[in-house]
Amino acid sequence: MNIVIDDFGMGLYKKSERLVVKKKGKLIQEIPFFDVEAIFFMTNGAVLSTDVIKECMEQGIQIHFLDYKQQPIASIYSPMLHATVKTRREQILSVKDYRSVEMTKKILRAKITNQHRLLKYYLKSRKGQEEYQIILDYANHVIAHLEELEQTTGNSIIDVRDKFFSIEARSAKKYWDGVQKILEKRIAFPGREHRGTNDPVNMMFNYGYAILGGYVQSAILRAGLEPFAGILHTDRPGKSSLQYDLIEIFRQPVVDKVVISLLSKGFTPKIEDNLLNLETRNKLKDKIINRLESKEPYNGKKYRIKTIIQIQAREVASFFRENTPFNTFIGSW
């Protein structure tokens with residue numbers, strides 16, 4: 001279980017072997033520490049006791065802090081979760097050889113395929129409608145970028161990073177045009193906007209990505225990878241670049257599917273003080289976590305998506321260390 005603290009006045013305390021959640025002194029819930037996987041603080045004015053921090057570190061529970069734009073600020077985790085030397089060394093060295101190109105191709109191949117499949121998924125209920133062909137055209141434009149991706153080669157990511165970003169951006173443009181068309185009869189959506197947006201739909205996507213990013217970050221640390229050493233996304237102070245790489249595999253199957261489904265069924269996000277209000281955040285948070293708990297096929301078996309994220313991170317670590325082949329997750333639609 002992941003605990004999300006996203007309202008002013010909430011606090012976490014330790015009582016025997018249980019994590020106690022309170023809001024302004026009122027008991028909200030008690031959870032055994034052994035049931036807690038990670039904790040996410042997504043608000044100001046919350047309380048975290050040192051007893052909770054100590055217990056979390058002893059049990060390998062990570063604590064993540066995000067700002068009001070859902071951007072990561074800091075993480076607390078046990079030093080026992082640090083990578084093996086070989087994993088980190090090979091991860092950093094891979095930027096200068098073919099492994100960085102191969103891994104980036106795998107990530108973008110999964111992202112483009114998941115974008116295409118999600119657009120096709122929402123076509124099922126639109127047969128015979130005027131927007132059907134328009135959305136289908138967007139989906140076909142998205143998947144067409146795979147050919148250009150496969151033809152892009154280089155000795156290292158340094159040679160082809162700009163090319164990969166160009167392919168990703170052009171695919172994303174068609175994808176978000178398709179999403180806009182899917183939603184246009186339900187709610188106004190201006191297209192994808194990132195940080196600082198005042199659009200409630202984009203706020204929903206950003207909030208969902210923040211929750212997903214926490215799961216990805218936890219998986220990266222548990223796999224012994226260096227979160228600040230990205231492959232496609234370059235290293236920047238305070239930026240978990242590898243998280244930005246690996247989250248691309250899971251955006252559509254986890255967050256986009258949830259947000260689009262909610263809005264398509266008539267849900268209207270509400271804004272207070274230029275932020276999603278508590279009701280909207282709670283609704284979205286519950287749906288995202290339920291989606292992460294749902295099972296999907298991967299490598300011939302069915303796993304919870306949160307488990308697939310962890311498996312994927314471990315496979316990436318093995319790829320860096322031992323050049324072990326791996327597949328990237330493609331959502332089933």
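The backbone N, Cα and C atoms fix where each Cβ goes, glycine too.
Whatever TrEMBL says is automated annotation, not expert-curated.
In the record from TrEMBL, residues GLU168, HIS233 bind Mn(2+); the candidate from GLU226, GLU248 listed for the same site is GLU248. Report note: the Mn(2+) site is defined by GLU168, HIS233, GLU248, and the residues of the same chain whose CB lies within 8 Å of the CB centroid of those residues, excluding them, are THR104, ILE107, LEU108, LYS111, PHE164, PHE165, LEU232, TYR244, ASP245. In sequence order, LYS239, SER241, LEU242, TYR244, ASP245 are the residues near HIS233 (Mn(2+) binding site), counting only same-chain partners six or more apart with C-beta under 8 A.
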